[in-house]
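Here the structure comes first, spelled out in structure tokens, and everything after it is commentary.
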Amino acid sequence: MKNTIGLYGLGVMGANLAKNMANNRERVAVFNYTPDLTEKFVGEFSSQNVEAHYELEAFIQSLETPRKVFLMVTAGPVVDSVIRSIIPFLDKGDIIMDGGNSDFHDSNRRFHELNEQGIHFVSVGVSGGEEGALNGPALMPSGDACAYSLVAPILEKIAAKVDGKPCCTYLGPEGSGHYVKMVHNGIEYADMQLITEAYQFLRERVGLTVEEIADVFAQWNETDLKSYLIEITADILRKKDDETGKPMVDVILDKAGQKGTGKWTSKEALDIGAPSSILTEAVFARYLSAMKEERVHAENILSGPKAVDDKMDKDYWINVVKEALFMGKICAYTQGFNQYRTASEHYGWSLDLSEIALIFRGGCIIRADFLNKISNAFKQNKELTNLLLAPYFIEKTNRYQSSLRKVVMKGMESGLSLPCFSTSLTYYDGYRSSQSGANMIQAQRDYFGAHTYERNDKEGIFHTNW
Ligand code: 6PG
């Protein structure tokens, strides 16, 4: 009997996806460029639904037609070379899926190049890390709707489920699935940075111990903040280092790494004119964190405010920080979804923002209860220009904006850097201001470069002889 799907690439994510497919009774052919990972895979996972291959042609020929090949290889040129290597064994109508964190520009190109050869290309954003890949990731597929319908039964089966609904739905043409995954990661960066700032504020400003903060996060996870990232933060704070007995967070060097998807989100936001400042600030915060040696040096040279010694009421401030964090998250997700809207118009993709929020509810790193609210907001009003204007979020921000203000002001007065909290507030205040101050910029541009300006009292384009 032929196999229903081929999984190419048996790194951690690929191996777990193959197991997930086999556990869901798909007959999976597996292949890796080097035999070692294939041997390792079959050594640790035995299933009658798995067929290991060591020859590329035999791997592809073992698949029922139209063949469905799922690539889980390193994003970038490797994807192109793998595609080139399998094309000779494919027929028109076969389908290649790419589940890596590929740049959507590459996915757009691959989609069109393969289309010309009669091969379907389905971009599949995959989120959820190792555990998600094994037990149910969030999947963000795009490409031809007809090609998607052929792979949908498999993808929807292996995806996470929330309220019985798979966290996988057809999103749009070309590489839009990888676009959706990219911005998911931009939101992920912002969410992680906001949580980090809340932790830092509670520790350095309010004076809570690591254990107390773990309890606070665990408690928050029972509220409207409930989310995977809040949950793992509580777990992380409870973990002690085996060697020293100190909290793990205290022995981990404060230099953040990154693989690039957050940066891509920001570059893309700049290209299409989406004000994703909180997402971008989270990328910059990682860059600044990486300058450890410089920061250590500067600490002894550059002065800040005098130490503030006011005693802070713990219970009061825990609640204020909670509200500030929720407010920051609302602003960050608003920016991410606004970027989806702008990109959808820019590329003509007709992305359904309500559906995107729905598939983020399970499996992925940013899964959170309040994605239901985001989904409802876009479902109730398809023309909604900005999430902040949806009734649920108006009510929340009306209640929480003053807490964000309090935390930012306390942080600033004591010299605590709060990049995403402060940018959230700046975005919020900027968005709700009918007067932006840009009249001055227009005047300056006209003054030094005769760039012209519009007036607020009559139509037309004007220039002043300054
Ligand atoms: C996910 C994650 C996943 C991975 C990121 C981390 O949704 O499963 O986003 O894709 O964790 O690649 O990215 P950085 O290394 O850039 O933090």
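Each position is counted from 1, following the chain as shown.
Backbone N, Cα and C define each Cβ position, glycine as well.
According to TrEMBL, the active site, proton acceptor annotation covers K181. DSSP assigns K181 (active site, proton acceptor) to a helical segment in the three-state reduction.
For E188 (active site, proton donor), the number of other Cβ atoms no farther than 10 Å from its own Cβ, over all displayed protein chains, is 22. Taken from TrEMBL, the feature active site, proton donor covers E188.
Same-chain residues at least 6 positions away in sequence with a Cβ under 8 Å from that of N32 (NADP(+) binding site) are, in sequence order, Y8, G9, L10, G14, T38, F41. Secondary structure at N32 (NADP(+) binding site), taken from DSSP and collapsed to helix, strand or coil, is coil. Annotated NADP(+) binding site per TrEMBL: G9, L10, G11, V12, M13, G14, N32, Y33, T34, V73, T74, A75, N101, in sequence order.
There are 27 other Cβ atoms within 10 Å of the Cβ belonging to Y189 (substrate binding site). For N101, S127, G128, G129, H184, N185, Y189, K259, R286, R445, H451, the entry in TrEMBL reads substrate binding site.
Marked as domain '6-phosphogluconate dehydrogenase C-terminal' by TrEMBL: 177-466.
In this structure, N101, G128, E188 are the recorded positions from T74, N101, G128, E188, R286 whose C-beta falls under 6 Å of some atom of ligand 1. Fewest Cβ neighbours within 10 Å among the binding-site residues R286, H451: this applies to H451. Within 10 Å of the Cβ of T34 (NADP(+) binding site) there are 9 other Cβ atoms, across all protein chains. Neighbour list (M13 (NADP(+) binding site), Cβ cut-off 8 Å, at least 6 residues apart, same chain): M72, G99, V126, E130, A133. Between the C-alpha atoms of E188 (active site, proton donor) and K181 (active site, proton acceptor), the distance comes to 10 Å.
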